Structure formats: structure tokens, C-alpha cells
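**Student:** Okay, here's the structure, questions in a sec.
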Amino acid sequence: MKEFDLIKRFFAEQPVQRKDVHLGIGDDCALVSSGEHHHIAITTDTLVAGVHFFADAEPRAIGHKSLAVSLSDLAAMGAEPSWISLAITLPSVDENWVSEFCAGLFELAEYFNVQLIGGDTTSGPLSITVTAQGLLPANKGLSRGGAAVGDWLYVTGELGDAALALKMLQQEALVVPEHQEVLLAKLHYPKPRVLAGQILKEYASAAIDLSDGLMGDLAHLCQASQVGANIVLDDLPLSAELLANVGADTARELALTGGDDYELLFTVSEDNKVGMETALSNAGVKFTCIGQLNKSMKLTTTLYSNVVQVNAKGFEHFSSD
Ligand SMILES: [Mg+2]
């Protein structure tokens, strides 16, 4: 019991103090206010050792990622991250581990001005649950369901790097030493696209964050919006490191099906295309148009020429599995 009280002290030393938090850690509940004309976006993610991360992964990286995945969901809705609560289950009390975990978590929290307002600490197999909340001007949020036939399909950043890093750790792929650090950082320290989401809420018709792989997440968007989509394979944004280590075909496949990118996938109408591209460019956000939405609701051809067809029922890609 005393040991866990000690751990709680680490969490009490968090860096952010927001004005809209009236009561933070330490009481039965936290009290916050959202201001008028705002909705609150709320999302929860659990990361379990051995399932979502290697149990012996660097605690700093686990701290970063357990917050980053939730902030990525807020980004996909166009919400401004505000408050988090944390439920952490630890097999034993290791002060160094907790200290490093907090360093990773709080570095990201400070960057996005997010305050830890409560949580719980228990004993058991290592698992971390973060609930993140963010603010949205009322009726301004993005969802998966707003896309229309003819809208253009975009992604931020580059795809497939985290999937290659995972394959490297699982000894299923070889990566030259000079690229390992860059690729591992993509897996362990994803950057939630919060700024992009803030801009996109003014222009995009729909958005989703890429956690499970482009094809699967696009199928969710297609289902919610009742549209189909084409992806132009040559237009997929691939990093030099990815291409150098696996070649074009595998790089595309990792970009299409690998998880853990935490980039945003979003759609924009023809009318909003130029405004959106200008706004993202001015903010220094990297983005790529990868295809267009269509009305094809039945899964037809897998791959014709250079295009993959995706719709609500799922997708097929060019490998045979
Ligand atoms: Mg998500």
C-alpha cells in the first residue's frame, strides 16, 4: 500500500496546470469546465504488455505511446486535447520504471498542454489505460461518416515505417543499422497529428486515425460514410528508409496493411481541396492525396493496374492472404 502511495507521488508531479481544471488529482472525482458552446470528445485506449507492446520495452516509450494513441483519436475528431486520466496496473513497484514512464507520458502531455486529472493504480499484469478528453467547438467535429462520393482521399505523413520497425523487432525483416533508430522512433514515439486535426475540422468531410492499417481503417470510414474508395498505389507516401530496406512492393504492402502509423486519413470535397491544401502547407503539415471516393459498394476487382479498391465490406490487396 505504501509503495503505491509512493508511485502516486510521481503522478502528482505532472507538469501541466490548466485553468479549466477546478479540482485535479486527489479527490473522489476531478472537476473541469468546458466553457460554453463546446462539446467534449472522450476516448479510451488500453495497452497491454505482450499484446500492444513488448513487456521489456523502454518505459519512457510506453509512457509516450499510451498517451499518443489516445491523442491520435482526439486529433481524428479535430478536438483540442485537454485532460487525461490514467489507470495503470503494475506487476511490481519499480520506481525507476515508473519515473521513466512518467517522463515519456508527461513530455507529450506538456507539449499538448494536457493535464492528468486522475486515475488509479493497481497491482497485476502490466497494463495501461488512458482516457483522454478534448474540446471541440459545438458541431464542428470530424467523424468517419461525413464523406461523399467524389471526395478526395488524403493521409498525413508517411506510412509503413512502424510496421517495418515491428517486423525488425520480431526478426522478420532486416534493416540496415543507420535506419534502425529512425524507424524504431516511428513505432515507439508516434506523433499524434493534433495540429492537422485542428485545421482539418474546418475543411475535411471525414477523418479517422490510422491505428490498424490504412486498408482496414479506410474500410471503417467507407462503412460509416457508405462510399467506396480507390487508392492509387504509386501515390502512397513512403519514406526513404522504408524503400531502402524492403523495396517498393513490400513497402506498399506495409503502407496498406501495417498498423501503428497514427497518421490521419481524411477526405475533402473538390470545393475545399485548395483551401485545405493551402492551410495544411502553411502549418507545415505533410500530406498526400492517395485516391478518391466512389460509389462502389460491392467489392469487385482486387487490383487493376495501379489501383486498390476498398469499400465498407473490406478490401483485398495484392498479396494472396
Ligand atoms: Mg482511432
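In case you wondered, yes, glycine gets a Cβ from its N, Cα and C as well.
From a predicted model like this one, the values you see are computed outputs, not experimental measurements.
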**Student:** Record says ASP28, THR43 bind Mg(2+) 4. Source is TrEMBL. Which of ASP5, ASP20, ASP56, ASP73 does it list for that same site?
**Tutor:** ASP73
**Student:** Using a 10 Å cut-off on CB atoms, tell me which of the binding-site residues THR43, THR44, SER211 is the least crowded.
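**Tutor:** It is THR44 that, of the binding-site residues THR43, THR44, SER211, has the fewest other Cβ atoms within 10 Å.
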**Student:** For THR44 (Mg(2+) 1 binding site), which of the binding-site residues ASP28, ASP73, ASP212 has the nearest Cα in space?
**Tutor:** ASP73
**Student:** Here the binding-site residues are ASP45, ASP73, ASP120, ASP209, ASP212; which one has the lowest number of other Cβ atoms no more than 10 Å from its Cβ?
**Tutor:** ASP120
**Student:** If one measures from the C-alpha of ASP120 (Mg(2+) 1 binding site) to the C-alpha of THR43 (Mg(2+) 4 binding site), what distance in angstrom results, rounded to a whole number?
**Tutor:** 17
**Student:** What's the CA-CA gap between ASP209 (Mg(2+) 3 binding site) and ASP73 (Mg(2+) 4 binding site) in angstrom, rounded?
**Tutor:** 6
**Student:** For the domain 'PurM-like N-terminal' (26-135), report the average pLDDT of the model, please.
**Tutor:** 94
**Student:** Going through the binding-site residues THR43, ASP45, ASP73, ASP209, SER211 in sequence order, which have a CB under 6 Å from an atom of ligand 1?
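**Tutor:** Among the binding-site residues listed, those whose Cβ sits under 6 Å from ligand 1 are ASP73, ASP209, SER211.
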